[in-house]
Amino acid sequence: MDPVDPRLEPWKHPGSQPKAACTSCYCKKCCFHCQVCFTTKGLGISYGRKKRRQRRRAPQDSQTHQVSLPKQPASQARGDPTGPKESKKKVERETETDPVD
């Protein structure tokens, strides 16, 4: 290894910076270009501020589209349509007629 001038900062040492500039390309070669490219492109880690995406506003005619949709029927109860009371009575009758012991 060549001797390095001790007065230079570590990030200014020869060979510490790649010869080509960083690009916005995400190909394999560019992802492994330097340590910064690897963390941002390869790993997807960025410590910068995240930009807020603005939500797309609905057009003014959106309420007319809501009216044209068919109404959904009321949700029906699942399971036994007779209800829980009758099913309990059936279980009680079965236990009375078929005693185990």
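Sequential numbering from 1, following the chain as shown.
Glycine too: its Cβ is placed from the backbone N, Cα and C atoms.
Listed features, source Swiss-Prot:
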type	residues	note
COMPBIAS	1-12	compositional bias 'Basic and acidic residues'
COMPBIAS	48-57	compositional bias 'Basic residues'
COMPBIAS	83-101	compositional bias 'Basic and acidic residues'
MOD_RES	K28	N6-acetyllysine
MOD_RES	K50	N6-acetyllysine
MOD_RES	K51	N6-acetyllysine
MOD_RES	R52	asymmetric dimethylarginine
MOD_RES	R53	asymmetric dimethylarginine
REGION	1-20	region 'Disordered'
REGION	22-37	region 'Cysteine-rich'
REGION	48-101	region 'Disordered'
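Assigned with DSSP, the residues of the region 'Cysteine-rich' (22-37) fall into helix, strand and coil as follows: 7 helix, 0 strand, 9 coil. The local packing around R52 (asymmetric dimethylarginine), expressed as other Cβ atoms within 10 Å of its Cβ over all shown chains, amounts to 6. Burial estimate for the modified residues (K28, K50, K51, R53): highest at K28, by number of other CB atoms within 10 Å. The distance from the Cα of K28 (N6-acetyllysine) to the Cα of K50 (N6-acetyllysine) comes to 25 Å.
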